[in-house]
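*Asks:* This is the feature table in TrEMBL:
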type	residues	note
SITE	110	site 'Increases basicity of active site Tyr'
BINDING	148	substrate binding site
BINDING	170, 200	Mn(2+) binding site
DOMAIN	196-400	domain 'Glycosyl hydrolase family 4 C-terminal'
């Protein structure tokens with residue numbers, strides 16, 4: 001029986017989507033064990049109840065287990081889906097509130113930025129521990145990571161643990177392709193896309209329909225829509241020539257031109273503090289799911305085409321799929337470092353995941369990626385080397401924070417956050 005482990009299964013809406021998709025594949029019925037793990041016993045209990053209900057409703061015939069013991073969930077796993085958020089809402093609140101006192105505005109800040117740096121410091125050690133565990137109890141498993149900061153976490157596992165079968169998954173490329181198809185009025189299935197870069201900062205390099213470049217049609221659609229022009233990602237497209245895969249609220253934080261300027265925040269409708277609002281909605285959704293389970297009525301199940309379920313289906317059945325994955329570069333993008341983690345298309349079949357070579361990015365895109373990379377690499381190195389100086393250096397080089405803070409302010413801000421997250425970061429980084 002194929003074992004799928006969920007680490008951080010208490011993220012019940014996400015767990016629900018993946019499990020519903022897996023249980024929706026009739027050819028996989030009766031072939032799965034779903035092993036759930038979370039450090040929060042209450043959330044784990046609700047996740048288990050939810051998964052058992054989905055399994056029963058769909059007639060999938062899966063074996064379901066739940067454990068607070070992570071090693072028990074990982075033992076013998078074929079696939080491990082990671083969805084943890086170390087520190088939860090309380091840590092996220094600190095990541096926003098403390099920088100705000102220094103004048104640093106943030107929207108999402110789960111990737112780079114001050115919030116991304118400290119989320120990385122909290123999460124990287126746990127991912128390395130999971131990698132070390134998998135090397136012992138499930139060395140042939142695939143670790144499918146959904147947690148952010150995505151560009152940091154697989155890199156850290158590759159560099160800091162003996163386990164190497166880790167790939168990252170994110171919806172941003174797929175969602176961007178859908179958006180672009182709608183904007184130019186061409187069916188998604190008929191468009192030839194090729195997209196690559198870093199997670200949350202990749203770019204659509206090829207955008208064609210039957211050999212015809214669709215970028216002129218996109219430019220015409222933008223020129224005809226004044227509201228569309230008021231989006232950060234559209235402004236980046238107009239300045240750099242290729243459409244970015246991440247939302248405007250994310251993209252605004254990766255460059256120094258928007259967050260520090262009131263007029264630009266107004267012009268591009270930048271939603272400062274957006275991730276806090278999303279986190280509060282997630283808490284509400286969790287409570288809604290609890291009520292739904294308590295009502296003991298059939299659950300509303302919809303196919304969501306989650307990437308993890310599509311990956312597992314392709315690998316189990318041999319039915320090849322193209323899925324955008326975050327993997328070690330190793331020459332896939334020739335003008336970015338080999339050791340970094342890049343987002344590229346991969347063909348997934350019965351033999352595994354096969355990332356596709358891209359070649360060199362256009363110079364201006366590689367330049368943007370290298371600016372992003374500086375923060376990612378220094379955060380990873382801070383944990384791997386146990387060197388607190390790299391935390392300060394990452395903050396100084398961050399495009400958003402660096403546009404606001406002096407060197408002394410950056411260090412003071414980092415010190416406050418190091419203290420706030422003291423129990424969640426490696427001992428070597430504590431003050």
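Using N, Cα and C of the backbone, Cβ positions are placed for all residues, glycine too.
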*Asks:* Near residue 200 (Mn(2+) binding site), which residues of its own chain have a C-beta under 8 A away, given they sit six or more steps off in sequence?
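*Replies:* Same-chain residues close to residue 200 (Mn(2+) binding site) (Cβ under 8 Å, separated by 6 or more) are 111, 150, 151, 170, 172, 245, 246, 250, 254.
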*Asks:* Would you mind reading off the Cα separation of residue 110 (site 'Increases basicity of active site Tyr') from residue 148 (substrate binding site), to the nearest angstrom?
*Replies:* 6
*Asks:* Within 10 Å of the Cβ of residue 170 (Mn(2+) binding site), how many other Cβ atoms can be counted across all chains shown?
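*Replies:* A count of 22.
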*Asks:* Suppose you look only at the domain 'Glycosyl hydrolase family 4 C-terminal' (196-400); what would the mean pLDDT be?
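*Replies:* The predicted confidence over the domain 'Glycosyl hydrolase family 4 C-terminal' (196-400), as a mean pLDDT, is 97.
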*Asks:* Same-chain residues six or more away whose CB lies under 8 A from the CB of the residue listed as 'substrate binding site'?
*Replies:* 110, 111, 116, 119, 123
*Asks:* Specify the count of other C-beta atoms within 10 Å of the C-beta of residue 110 (site 'Increases basicity of active site Tyr').
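*Replies:* Here the count is 24.
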